[in-house]
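Take a look at the structure set out below.
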Amino acid sequence: MNATTNETTNETVNADTATKTPLLELKDVSTVVNAHTANETKILNGLNLTVYPGDFITVLGSNGAGKSTLFNVIGGNLNADEGDVLLHGKSIKRESEEQRTRFLARVFQDPKLGTAPRMTVAENLLLASKRGQRRGLVPRGLRKHLDEYKTMASTMNNNLENRLNTATGSLSGGQRQALSFLMAVESKPELLLLDEHTAALDPKTSQQLMTATNDRIAADHLTCLMITHRLEDALKYGNRLIVLNAGKITFDVRGEEKKQLTREQLFNFFEDL
Amino acid sequence: MSLITSAIGQGLLWAVLGLGLFLTFRILDFPDMTVEGTFPLGAATAVALIYRGMNPLLATLCAFLVGMVAGLITGLLYTKGRIPILLAGILVMTAAYSVNLRIMGRANLSLLGKSSLFKNDFLASLPQYFDSVFVGLVVIIVVTLLLVFFLNTNLGQAFIATGDNPTMARSIGIKTDRMTIMGLMISNGMIAMGGALVAQNNGYADVNMGIGIIVIALASIIIGEVAFGDLSLTQRLVAVTLGSILYRFVLLIVLQLNFSANDLNLLSAIILAICLLLPRFRKFFHFDRLIERSVRDERNN
């Protein structure tokens, strides 16, 4: 296929969204590992990305392309060595991971990373409902939220609603990851980062969670970036698709153009990289 | 009978240590060596202040605050200084030894002829050893209730989450460094208070009274867990106190076998080691039963 150049995508972006203000902007972001040594490498290499409110962007790229680093730079786990990260036009480059949680939520690939194993499902949901807020010396009031959590958990269609008082560590991987997802979206974050969140699950469970994810994002109009290795998912979901290669965005389609894209075209594009 | 009463009293007083250590060892999930320094630190602070005429209750409170400072230092070394927790604890523990000598001015300070929490008309009217049971019971009830309240607040839940899964805690905006420091402060405050209570009960403070403290505190936690099994968090706190009393009973029995008091640390360590090994043994025995059952089933088929 004719690889779309950066210039033309930028033009279509501007035409599409001239009236919208961007939610998140990454400007010329570079990250360096092993700085000042012979092994100095740039993981992100002058990356530019503009995310508009309501965007659901699927992120593709081979191993080492910088997908996880991109998420870490947005999430504040890693600082950009060059360039700037803006939220609503204001630089958040200096903000810590904890500070950024007031607008950002993240689901990791490993179900174990997203939940507290010795705390119950309901306790986990309560913890996450206070995302980015002050946690004071006030009684937690778990009981009055139980009905709400039951309803919330039942949307995942995996019996999670009947295990609210179970320690998270004894849930199945699928239930645990569904809980991680609920914890990420329950406070309706301005930006949701999904880091291959269905990759560790079996095909059926993975599909179930992906469907629930899509429904929830649509219902709450969430802005989301989703890393995936499944080309089908990248094509099926979202309104925009980007491909990372060698620390840069080398492919960026949205709207109608993305709908027209076929698996073969995408696959060939990867072959050419 | 009086031996049993005494054991219960000692168990209750020492349970404060178990509860303090529970916050770091079980909730934050790391062993905090600072306690070997904060226990005599609390004892020295309280005894020195009472010696100079301070009200015993106020002196015990001061011991709590001084213990918190020690916890703060360990916490800062660990979180901001990135020193491994074991080493950070050992550093503060070692430093505390000299501080304790400074506070008391000598290695051993007696409260002979001075007041203490255990000296008042009401406690004197009780039968022998019931004074420590009474004081211990009051302290443990207050401390346990405060802990249960704290752990069920939003702050307490954030604290628990920090120990359970720090990555997840940070990802939902919990400042894990602050939680760790706070836990170390409360824990060491409680252990210093335990030191103040035990010293007043004994009638003196000694710089060497911290040796082996972590083993005794751990023993009450582990014995409670081994004896009572799967419990809710609140029940686990109560189990620590019961474990502490059980530990005193075990010690009482062992000492009846004519061991010298000099063997105490050796015995404490052996008791704790046995309790730590018990779950392994149990697993082993379950395994045996499993094999037995499967063989029997096969025969029936």
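Keep in mind that glycine also has a Cβ here, set from the backbone N, Cα and C atoms.
TrEMBL has this to say about the protein:
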type	residues	note
TRANSMEM	B:12-28	transmembrane segment
TRANSMEM	B:57-78	transmembrane segment
TRANSMEM	B:85-109	transmembrane segment
TRANSMEM	B:129-151	transmembrane segment
TRANSMEM	B:179-199	transmembrane segment
TRANSMEM	B:211-228	transmembrane segment
TRANSMEM	B:237-258	transmembrane segment
TRANSMEM	B:264-281	transmembrane segment
Open item on the list: Three or more CB pairs closer than 8 Å, sequence separation of 6 or more: does that hold for the transmembrane segment (B:237-258) against the transmembrane segment (B:12-28)?
Closed with: yes
- [ ] Could you pull out which residues elsewhere in the chain have a CB under 8 Å from any CB of the transmembrane segment (B:264-281), counting only those six or more residues past its ends?
- [x] 211-212, 215-216, 218-219, 222-223, 226, 247, 250-251, 254
Open item on the list: With Cβ-Cβ distances below 8 Å as the criterion, list the same-chain residues six or more beyond the ends of the transmembrane segment (B:57-78) that contact it, or say none.
Closed with: 32, 34, 37-38, 41-43, 45-47, 49-50, 84-85, 88-89, 91-92, 96, 117, 180-193, 195-197, 200
Task: Distal contacts, the transmembrane segment (B:12-28) - CB-CB under 8 A, six or more residues away - done: 35, 39, 132-133, 135-137, 139-140, 143-144, 147, 159-160, 162-163, 180, 183-184, 186-191, 193-194, 197-198, 201, 213-214, 216-218, 220-221, 224, 236-237, 240-241, 243-245, 247-248
